[in-house]
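Copied from TrEMBL, the annotated features are:
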| type | residues | note |
| --- | --- | --- |
| TRANSMEM | 48-68 | transmembrane segment |
| TRANSMEM | 75-92 | transmembrane segment |
| TRANSMEM | 112-133 | transmembrane segment |
| TRANSMEM | 154-174 | transmembrane segment |
| TRANSMEM | 194-217 | transmembrane segment |
| TRANSMEM | 273-291 | transmembrane segment |
| TRANSMEM | 325-342 | transmembrane segment |
| TRANSMEM | 354-374 | transmembrane segment |
| TRANSMEM | 609-630 | transmembrane segment |
| TRANSMEM | 642-663 | transmembrane segment |
Amino acid sequence: PSCFGYPLSIFFIIINEFCERFSYYGMRAVLVLYFKYFLQWDDNLSTAIYHTFVALCYLTPILGALIADSWLGKFKTIVSLSIVYTIGQAVMSVSSINDLTDHNQDGSPDNVSVHIALSMTGLILIALGTGGIKPCVSAFGGDQFEDDQEKQRTRFFSIFYLSINAGSLLSTIITPILRAQECGIHSKQRCYPLAFGVPAALMAVSLVVFIIGSGMYKKVKPQGNIMIQVSKCIGFAIKNRFRHRSKEFPKREHWLDWASEKYDKRLIAQTKAVLKVLFLYIPLPMFWALFDQQGSRWTLQATTMDGNFGSIQIQPDQMQTVNPILIIIMVPVVDAVVYPLIKKCKINFTPLRKITVGMFLASLAFVAAALVQVQIDKTLPVFPAAGQTQIKVINIGTDGATVQFESPLQSVNVMSMESTGYMTFDTSRLQSVNIISGNKTTSEVITLPGGSRHTLAVKNSANIVAKWLFDNVTSKPEEGNNLVRFINNLPDTINITMGDTAFETLMSFSASNYNLFPGGRKDNIMAIINSIPCSVTSKTLGFGSAYTIVINGCTGNTLDVTYSEDISPNTVHMAWQIPQYFILTCAEVVFSVTGLEFSYSQAPSNMKAVLQAGWLLTVAVGNIIVLIVAGASKLSEQWAEYVLFAALLLAVCIIFAVMAYFYTYTDPNEIEAQFDEEEKKQVKKDEDVYEKQTEAVSRM
């Protein structure tokens, strides 16, 4: 059955691919934040495991191709590995339910190792699944066409690529929204089970759709794996060359010619062509090392930025959607506008030049990322080192106050209802403090622990009251959340609620603990004073801030509050990430699309599987490079790491340009035709010999 001149089975395959990519990219989008906030790993471990997973996903396709070509055939491979994949996604979803081990119901898992074990199992199954299917699905789609449908087949591959990007685009938008929801049985949490569960459901849909189409597919029997033959041929050539290493054996033109005793000339010629391309692949992993950090380092960078786009709040993991959106726009634009323009300028933009330009652009993108990082670093608070103490003063009285810290003398003036920033002291030299306010003076001896922050609240009433608050915040709030605490500046005991969060009962002139609130919101602050409710809407607290809010009184049911900023909110806007995404997407368009096209044009058609494997291998190696570089470089500054990656890629880019300069383009079809011609001649020769023999026989 056909539809618009395409085999009907194609539509099942495209829907299957869409669901599979949705499932994969959706899960991958929230993965690094799941590691960081749910499993509580630090940035470096999260990045490392993320890239290990991606590397695995690109190593397993070689396994998938082997299974399909030598054993199960493509159809059965896709079905059986999809089942593994669906199980993996489901396990992943279960691993993120905190109520699984949260017995004391405090909202964080009690037994994190159970969650780690489950999620690692899930990730391994997913890597097996996605990797195993990857090489089979597109080839299986190609198998559905007859030989005379060349035009439809090419169109199929571009629709196929589009469905990949549509799937990844939608899931990168939707999954982070699901993650940002609050859900949970006993305590409200970021909704990771939903963020992983929807991809799992779609994977199941993808599997069902694929099986429904079963009757329509053209299923080609497995024909043995070309990779195995190529490897054997190379192995034999090396062995044979080694056996004949002494001088008396004549040299051969190419080391692969040593395989000619056992393998036919055609296979040897094809293998030479493949190796010539694979040699050019050696520098390519460096590109992927940078490219795949969008999901790790760049997403972590976005968590320290301001995601307020007017009416919408962007989640840090949603910034990755810039890439598929731009891809969908850029691929047609580059093909229809940019390349023709370059051609008009009489520049011969060969595939290898395109790849070189792609590498250069990716390196630029990381320079852009480093510049953004430098801006972010300027806004980050400096926390005290081990032997230091930081103190800020809030004056909540009606008179101005002067606070003097002893040894060496340092004094600050604080007006009524104002506060200072944090001042840093050497813990060992900080001994006493004098407070002068109005016409009163008081002094006290202080012993504060090192490496900590404290707030001194001062008030001049009947006498000077000074209260020390311990600020137990040692890092900027994560995920753009805000921390808020209250000081009760009233003579009465009060109860405070902000949004849905109730604070502990506050005695007169005491402070609450910090509580966490989602970023970018205004919340209603409600205080009950002598059983009379009194409320006010807070100001917008931004992202990643910490505030102390002082409650001063109530006039006509409206609370009178003052804000003291303990940690300033994120000020660098997420939109500043767009330039680096844009440059990197341009790099991807000229690099990725060209790379595969070039590979196919330079190698015989039956060798495409080998090249596909080689290409995916470069992605895997690229992710392993991230592990090595990020692990080996003990760079404490994130911007320096970005610059390091940019420099490495630039160096590799120059090496590649040199390699490309010495590369000669070949046309595999001509080589094939030559062999066909030779075979014909050989057949003719054999026929002639045979005729002569029969003539001789008949004469006898």
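Backbone N, Cα and C atoms are what each Cβ position is placed from, and that goes for glycine too.
When Cβ distances are compared across the two stretches, the transmembrane segment (48-68) makes no contact with the transmembrane segment (325-342), since fewer than 3 pairs at least 6 residues apart fall below 8 angstroms.
Sequence-distant contacts of the transmembrane segment (154-174) (same chain, at least 6 residues past either end, Cβ-Cβ under 8 Å): 6, 10, 14, 17-26, 29, 138, 141-142, 145, 198-199, 317-318, 320-321, 323-325, 327-328, 331. A Cβ distance under 8 Å defines the sequence-distant neighbours of the transmembrane segment (273-291), meaning residues of its chain 6+ beyond its ends; these are 230, 234, 256, 352, 355, 358-359, 362-363, 365-366, 584, 587-588, 591, 595, 598-599, 602-604, 607, 610-611, 614-615, 617-626, 629, 645-646, 648-649, 652-653, 655-656, 659-660, 663, 666, 668, 671.
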